[in-house]
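K.L.:
Shown below is the structure under consideration.
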Amino acid sequence: MSSDFKLDIIDQHDPEEPGLGRGMISEKLLDERTNAMHTVRKQGNLTINNFATNAERRALNDRFLLKANKATISDNVSLDEEERHHLLGSAKKSVPLISGAAYCISSCSMIMLNKIVLSGYNFNAGVSLMLYQNFISTLVVVLLALSGRVAVEKLSWRLIRVWIPVNVVFIGMLVSGMYSLKYINVAMVTILKNVTNILTAIGELYLFRKRQNPKVWTAMFMMIISAVTAGITDLSFDTVGYAWQIINCVLTASYSLTLRWVMDEAKKSTKSGSLKEVSMVLLNNLLSLPFAIILILLFGEWHYVIHADVVKLPMFWVVATASGLLGLSISFTSMWFLHQTGPTTYSLVGSLNKIPISIAGILVFEVPLSVSNLFSILFGLFAGVLFARAKISS
């Protein structure tokens with residue numbers, strides 16, 4: 001209730017009383033008015049104080065809620081960042097593993113499918129198979145380049161002339177590898193390929209004056225022993241197959257040495273001044289096509305392919321096409337794995353990859369084995385791993 005309303009009530013009380021009474025009443029009225037004013041002031045102060053207190057409380061509550069919301073948001077942001085970092089870290093760790101597995105699977109599958117085509121289907125035209133596989137690889141690379149997925153160097157006659165020596169050795173390496181795989185089991189081919197490392201090391205010594213440490217020569221000596229003992233104890237020994245494999249080892253070593261010798265000159269023949277692995281894959285596969293056609297005509301394989309019953313089987317073409325795609329995938333997965341890890345890990349995994357290839361070849365094709373032959377194969381695989389480790393430390 002307001003003070004004006006109270007004063008109005010008092011002023012209206014008994015106005016017709018005598019003078020003394022009126023004086024006493026006036027004093028009482030003054031006292032009452034004074035008390036009323038104090039009461040009003042007190043109530044007003046209490047009201048203002050209460051209002052201020054409530055406002056402060058509301059401000060404190062708002063501040064507390066704001067801080068709590070900020071803390072919650074910051075906690076959520078920090079949790080999201082930690083989760084994101086954890087996911088990114090897991091992804092980075094898994095990529096080398098995935099690329100390595102892809103490289104090993106491609107390499108192992110390629111050898112197995114080639115063995116199936118040549119021995120399982122008894123296909124006696126290794127050059128024709130190489131022509132088909134290289135055609136598939138060329139087609140895929142060209143399509144990827146046209147779609148912008150990969151970048152390849154523009155071909156020129158100058159680059160082609162420089163690359164022809166490498167390509168000739170490349171064709172010989174593929175053809176000899178085809179025929180050796182036809183007559184020899186997968187495990188023995190894998191062990192005999194260790195001879196390539198020895199020939200390459202000798203070639204580096206004489207051509208590039210690169211000396212090897214004693215550990216490398218020790219590992220190479222072990223590989224020679226394993227190759228000789230494995231050949232002696234091989235129950236399915238085939239002279240023609242071993243001859244093709246020796247030729248393959250010489251040509252494979254020559255390919256790596258020739259590639260190293262031609263690489264600098266090939267880079268000078270490009271507009272960009274560099275030659276990426278994809279461009280080398282295209283060069284090798286594309287330039288091999290006319291040479292393969294000439295070899296097919298010289299060896300008379302075209303007559304065999306036309307009249308062979310095996311080429312009429314749809315499954316044969318499925319396997320042959322898959323082997324061509326896997327041959328290309330080896331190039332890409334090896335580049336991917338090398339980019340994700342490095343030459344050290346790549347070399348070790350390449351040597352260790354021979355172990356599952358040998359085991360798979362023995363089990364799938366039911367290769368007859370003796371204890372001594374199995375020991376020679378295991379010894380050769382162990383020597384290959386030692387060689388890779390010794391090369392890394394040199």
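The backbone N, Cα and C atoms fix where each Cβ goes, and this holds for glycine too.
Annotated compositional bias 'Basic and acidic residues' per TrEMBL: 1-16, in sequence order. Positions annotated as domain 'Sugar phosphate transporter' by TrEMBL: 103-382. According to TrEMBL, the feature region 'Disordered' maps to 1-22. Residues or ranges marked as transmembrane segment in TrEMBL: 125-147, 159-180, 186-207, 219-237, 243-262, 282-304, 316-338, 345-365, 371-388.
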K.L.:
Answer yes if the transmembrane segment (125-147) and the transmembrane segment (282-304) have at least three CB pairs under 8 Å among residue pairs 6 or more apart in sequence, and no otherwise.
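P.N.:
Touching, yes - the transmembrane segment (125-147) and the transmembrane segment (282-304) meet the threshold of 3 or more Cβ pairs under 8 Å.
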K.L.:
I'd like to know if the transmembrane segment (371-388) touches the transmembrane segment (219-237) in this structure, counting it as a touch only when three or more C-beta pairs sit under 8 Å and are separated by 6 or more positions.
P.N.:
yes
K.L.:
Ranking 159-180, 243-262, 282-304, 371-388 by Cβ pairs under 8 Å to the transmembrane segment (186-207), which is first?
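P.N.:
Per the Cβ under 8 Å count, 243-262.
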K.L.:
Quickly jot the same-chain residues contacting the transmembrane segment (345-365) by Cβ under 8 Å, restricted to those at least six beyond its ends, or write none.
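P.N.:
Here the qualifying positions are 96, 100, 103-104, 107-108, 111-112, 115, 119, 185-187, 189-191, 193, 334, 337-338, 377, 381, 384-385, 387-389, 391-392.
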K.L.:
Do any residues of this chain, six or more beyond the ends of the transmembrane segment (282-304), have a C-beta under 8 angstroms from a C-beta of it, and if so which?
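P.N.:
That would be 124-125, 127-128, 130-131, 134-135, 137-138, 141-142, 145, 152, 155, 159-160, 163-164, 166-168, 170-171, 174-175, 328.
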K.L.:
Taking a Cβ cut-off under 8 Å, which residues six or more beyond the ends of the transmembrane segment (159-180) line up next to it in the same chain?
P.N.:
114, 118, 126-127, 129-130, 134, 153, 189, 192, 240-242, 244-245, 247-248, 251-252, 254-255, 258-259, 262, 265-266, 269-270, 283-284, 287-288, 291-292, 295
K.L.:
What else in the chain is close to the transmembrane segment (371-388), if you only count residues 6 or more beyond its ends and a Cβ gap under 8 Å?
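P.N.:
Residues 187-188, 190-191, 194, 197, 215-216, 218-220, 222-223, 225-227, 229-230, 233-235, 347-348, 350-352, 354-355, 358.
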K.L.:
Across the whole of the domain 'Sugar phosphate transporter' (103-382), what does the mean pLDDT come to? Round it, please.
P.N.:
88
